[in-house]
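*Asks:* My questions all concern the structure below.
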Amino acid sequence: MEAYKVLERILIVCIGNICRSPCAQALMNEALSRDKRNMKIGSAGLAAQVGLPMEPTTRAVLLEHRHRPPLHRACQLERSMLHQADLVLAMERRHIDGIYRITPEARGKTFLLGKWQGELEIQDPFRRDRTAFEQAYRQIRTAVEAWTVRLGH
């Protein structure tokens, strides 16, 4: 997958942009910053809770696993973001459908974050118990690691 080495912008999408996509953004930024590449990783939500910070349990799970959660404010997915992104990663198939409704041109560059785990869909832990957040974190971490390998990092 040598073609992916020219990627400059990755966009990660979920629904509210307060749990899964900011977690994945933090882990992807951390993984890709190791080689000092100037790759921009963003996140957005199809029905974002605009302006809200990262969900507190998501933040706590990241801290417990020795990650540094970034300052984050949820933002709504916009067509321009999809046009600017070289790679779009979604948590669930229905998110991909929503992305295509916004801009059909995103076909060919939009995939599940869990693509390399048998097309795994990462379920939303929002308003669920801590176990759901831990499971989402583990799935996101594994998926991010798989993508960084394929991105040549």
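Cβ atoms are placed via backbone N, Cα and C, with glycine included.
Summarising the annotation, TrEMBL assigns domain 'Phosphotyrosine protein phosphatase I' to 8-150. Look at TrEMBL and you will find Cys14 tagged as active site, nucleophile. For Arg20, the entry in TrEMBL reads active site. Marked as active site, proton donor by TrEMBL: Asp124.
Burial and contacts for the listed features, if you can.
*Replies:* In the three-state DSSP scheme, Cys14 (active site, nucleophile) is classed as strand. For Cys14 (active site, nucleophile), other Cβ atoms within 10 Å of its Cβ number 30.
Counting every protein chain shown, the number of other Cβ atoms lying within 10 Å of the Cβ of Arg20 (active site) is 32.
If you draw a 10 Å sphere around the CB of Asp124 (active site, proton donor), it holds 17 other CB atoms from the protein chains shown.
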*Asks:* Averaged over the domain 'Phosphotyrosine protein phosphatase I' (8-150), what pLDDT does the predicted model reach?
*Replies:* 96
*Asks:* Any idea what DSSP makes of Arg20 (active site), helix, strand or coil?
*Replies:* helix
